[in-house]
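Below you'll find the structure, written out as structure tokens, and then a few comments.
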Amino acid sequence: MNSTESYFGTDDYDNTEYYSIPPDHGPCSLEEVRNFTKVFVPIAYSLICVFGLLGNIMVVMTFAFYKKARSMTDVYLLNMAITDILFVLTLPFWAVTHATNTWVFSDALCKLMKGTYAVNFNCGMLLLACISMDRYIAIVQATKSFRVRSRTLTHSKVICVAVWFISIIISSPTFIFNKKYELQDRDVCEPRYRSVSEPITWKLLGMGLELFFGFFTPLLFMVFCYLFIIKTLVQAQNSKRHRAIRVVIAVVLVFLACQIPHNMVLLVTAVNTGKVGRSCSTEKVLAYTRNVAEVLAFLHCCLNPVLYAFIGQKFRNYFMKIMKDVWCMRRKNKMPGFLCARVYSESYISRQTSETVENDNASSFTM
């Protein structure tokens, strides 16, 4: 079997996965690609993991200690932060795998990491669609917003549970088929389709579900909702409308910049699954593109807290309170007593006052 057949065919080692490390098959040597990924991918994943954890933990801390989730957007933001945290926690395992060019962990951890990786990636994308619709209701349907959002808020947790359930269902092939096995004297954690009669069909099904729910669904929601939001803001006589429009445009552009390359590579891979006859140079270009595109896609974990939470004035205020309290805790070790009690007291009073005057249906996100 030549390199193209192995790369896009029905070989046990399924390199159609966008996060795979391309092995060296036949006359087409991808050693230079592996040398690139050994350095680039671990560094990129480590940075995404660190900054993604910091930003999303701040969001969770804000809801846990300073601000109750009172609106639909709050519930979505909290779930998205949890999703991103779980997602970035899988990246160190893949960083080690790329650096060592082998899977050094157990078979159970292989299934768990691949499954967690897929579930949280898809869940995060679906939550972006939910946030888009919530903003559409709040801004475009402003006259009906209070009634609609109040009624729907009761079911917001149910909506999030449904999103998690759908994400688990569409990611189930990842849990089922991924396993640890030996290939060319090294252990890999990849899908293996020996147990099914139509392996290419299962590959295409998995990629199709990811493309539909992980890209096209949130894209359609965002395009529809944000076009009407921009139209409404342009017509509004509001001094802050220009800033709001810039925020909307930034959200859409960041989503497109992060997700289009990754999903185009996935689409090309799906179209060419089972085909033969591609040149070695084409394989190398696709391998490079796949690794760079996935890093771009994963940047959303770092950018989501900024674009969807801390861009709002209220969240920035809570962020400053967190910083003050962290500073206070450090000072407490040196100067125990009134200083920390004073800061915590002011924070507590401020929180109570804010929650008293704030409408129960108000969102912590303000554009």
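Glycine too: its Cβ is placed from the backbone N, Cα and C atoms.
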Check: C28 and K68 same membrane side, Swiss-Prot record: no
Whichever of C49, C160, C189 is disulfide-bonded to C110 when Swiss-Prot is consulted: C189
Candidate annotated in Swiss-Prot as N-linked glycosylation site, out of N35, N361: N35
The transmembrane segment (247-271) touching the transmembrane segment (152-172) per 3+ Cβ pairs under 8 Å rule: no
Nonlocal neighbours by CB distance (under 8 Å) for C110 (disulfide bond), same chain, sequence gap 6 or more: W103, N178, K179, K180, C189
Same-chain residue ranges lying at least 6 outside the transmembrane segment (247-271) that approach it to Cβ under 8 Å: 8, 16, 18, 125, 128, 203-204, 207-208, 210-211, 214-215, 218-219, 222-223, 226, 229-230, 233, 286, 289-290, 292-294, 296-297, 299-300, 303, 307-308, 311, 367
Tertiary neighbours of N35 (N-linked glycosylation site) (same chain, Cβ under 8 Å, six or more apart): none
DSSP-assigned states of the topological domain 'Extracellular' (97-111) in counts, ordered helix, strand, coil: 9 helix, 0 strand, 6 coil
